[in-house]
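According to TrEMBL, the protein carries these features:
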type     : residues                                                                                          : note
ACT_SITE : B:CYS230                                                                                          : active site, glycyl thioester intermediate
ACT_SITE : B:CYS393                                                                                          : active site, cysteine persulfide intermediate
BINDING  : B:GLY96, B:ASP104, B:SER111, B:ASN112, B:LEU113, B:HIS114, B:ARG115, B:LYS128, B:ASP172, B:ASN173 : ATP binding site
BINDING  : B:CYS213, B:CYS216, B:CYS289, B:CYS292                                                            : Zn(2+) binding site
COILED   : B:11-45                                                                                           : coiled coil
DOMAIN   : B:339-435                                                                                         : domain 'Rhodanese'
Amino acid sequence: MSHFKVLYFASAKDASGKESEEFEWFEGIGCEKLTQLLVERHPDLAPVLKTSMFAVNMEYMDQGLSWTVQPRDEVAVIPPVSGG
Amino acid sequence: MSNSLSPPNAVPKQSADISSLEHRIRQLELEKDALEQQVRALRLEQTQSYRTASTTENTPEALNRLQQVAGLNNAEIARYGRQLILPEFGIQGGSGVGRLGIVDHDTVDTSNLHRQIIHNEARQGMSKAQSAALSIRMLNPHCEVVVHDLVLDSSNAQPIIDAYDIIIDGTDNVATRYLLNDACVLGKKPLVSGSALRLDGQLTVYNYRGGPCYRCLFPTPPPAETVTNCSDGGVLGVVPGIVGCLQALEAIKIATGMGSQDPPTMTLFSANSTTLFRTIKLRKRKAECIVCGDSPTVTKLIDYVRFCGSSATDKTPDLFMIPFQERLTCEAYKAICDSHTPHLLLDVREKVQYDICSLPSSMNIPLKHLPGQIKLIQESLGSGSDKPIYIVCRRGNDSQPAVRILQEHGVTAGEIKDVVGGLEKWTDRIDPDFPKY
Ligand SMILES: [Zn+2]
């Protein structure tokens, strides 16, 4: 069984209640499917994901382009932080 | 000599006395030095405050008239010597900032001091821009400081941005972040952006050498109700300091051309994680970006408060969900307490806030847990109760949805009301000794 890891930052960490966790991997997890998987597990992530960016293995992933998560990838959910 | 009269076994005790007295003298000397330093600093501050006031230039015309910073004099060479001899720097880049503009409309408040260390206790109520200018002058008289004591908005931002080479964003709200981004894209200036909340920080240089702008990464502003500010969410004092130091580093790198071939990145700082720093590799700017893309639709500054649906400050706006006449003033609640009318006082703040301070015999259930705790409230009231419930929170915002939740569940036959202005008003109107945080 293959897995991939998700890292949550800032408000995504609050919404999921976790810093990171494992997901079961399968073929064809693109941006949309990933969003769906995350919201299924943590409904509170839904509004956060609307304004967050994704990075895979520490590299920014454009939500408009087609890409898929590979086994053992590390996906980061990065919402903007605006405080200072 | 008295020494010779002492029994031999007293010698160690005497030498201990001497060393403790000497230690005390050293301490007093240090204290004296510190006091003298304070006097010098205050004297300098006095003279500088006249100079700052007289050299403040705010208008765009004045900014355009500002002249190029000249080469280094001997005093500057002495000051920057340790940097000038770095092989990566040299005489070109080893010096400090020639001209530093500071934009801030706010005044110094005690609650800023744990993180905004450019201000101090004595400057409470002073303009933050003025206070920052004073501190910079006290550190370094060679740096020209320009004070912009104003609210940055679409009407005044562009000429200010245009007058500087590098823009550093340390603002505290979403609207101003988009405003600065667009002004930097339109003015072709690099934007060194840093932000912090709770235990997390972010750092990115936007709009620099073909890299993305803020809108490329975050095209949609987050809905106002999902944005947490430092005042509500809290922030650990050192976190903005760490991000601020990194911003200074990035500004120096841009000014000196150091690392100019590096691809654009976003640095994430997590104070509570075993990996403190993570660096995300970013792409080039987005061709379809509405401000920095190939066919931009944002070609001049827009109304950012409207665009973001949130105000251009980090102050939490008042909520008006329940009509005023259906709520309690602090004075009215005080009268209820004084008359010993039986009731339940429900405090809906987060537990960490409740632990700082609370009113006597109140019950704490944070707003977000309220729907799941209805049974608990009913149990503490007793069945079929007509005891009134009064609800309090920090500022009188969260208490309003709490009233609605309890009304929907019909927990009591008595009235359910909240206290206008919350515990902050309670301090202002009723009990000045009740802490504000
Ligand atoms: Zn852009």
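Cβ atoms here come from the backbone N, Cα and C positions, even for glycine.
Ranking the recorded positions B:CYS213, B:CYS230, B:CYS292, B:CYS393 by Cα distance from B:ASP172 (ATP binding site) puts B:CYS230 first. For ligand 1, the nearby binding-site residues are B:CYS289, B:CYS292; that is, of B:SER111, B:CYS289, B:CYS292, these have a C-beta under 6 Å from one of its atoms.
Applying an under-8 Å Cβ distance to chain A, the recorded positions B:SER111, B:ARG115, B:ASP172, B:CYS230, B:CYS289, B:CYS393 reduce to B:ASP172, B:CYS230.
For the domain 'Rhodanese' (B:339-435), the model gives a mean pLDDT of 93. Annotated Zn(2+) site B:CYS213, B:CYS216, B:CYS289, B:CYS292; additional same-chain residues within 8 Å of its Cβ mean position, judged by their own Cβ, are B:VAL185, B:TYR206, B:ASN207, B:PRO212, B:TYR214, B:ARG215, B:ARG285, B:LYS286, B:ILE290, B:VAL291, B:GLY293. When the binding-site residues B:LEU113, B:CYS216, B:CYS289, B:CYS292 are compared by Cα distance to B:CYS230 (active site, glycyl thioester intermediate), the shortest distance belongs to B:LEU113. The sparsest Cβ neighbourhood within 10 Å, among the listed recorded positions (B:LEU113, B:CYS213, B:CYS289, B:CYS393), is found at B:LEU113.
A straight line from the CA of the residue listed as 'active site, cysteine persulfide intermediate' to the CA of B:LEU113 (ATP binding site) spans 25 Å.
In this structure the alpha carbons, written CA, of B:CYS289 (Zn(2+) binding site) and B:ARG115 (ATP binding site) are 35 Å apart.
Taking every protein chain shown into account, B:CYS216, B:CYS230 are the recorded positions, and of these the Cβ with the most other Cβ atoms within 10 Å belongs to B:CYS216.
In this structure the alpha carbons, written CA, of B:ARG115 (ATP binding site) and B:CYS292 (Zn(2+) binding site) are 33 Å apart. For B:CYS292 (Zn(2+) binding site), the nearest neighbour among the listed binding-site residues (B:GLY96, B:SER111, B:LEU113), judged by C-alpha distance, is B:GLY96.
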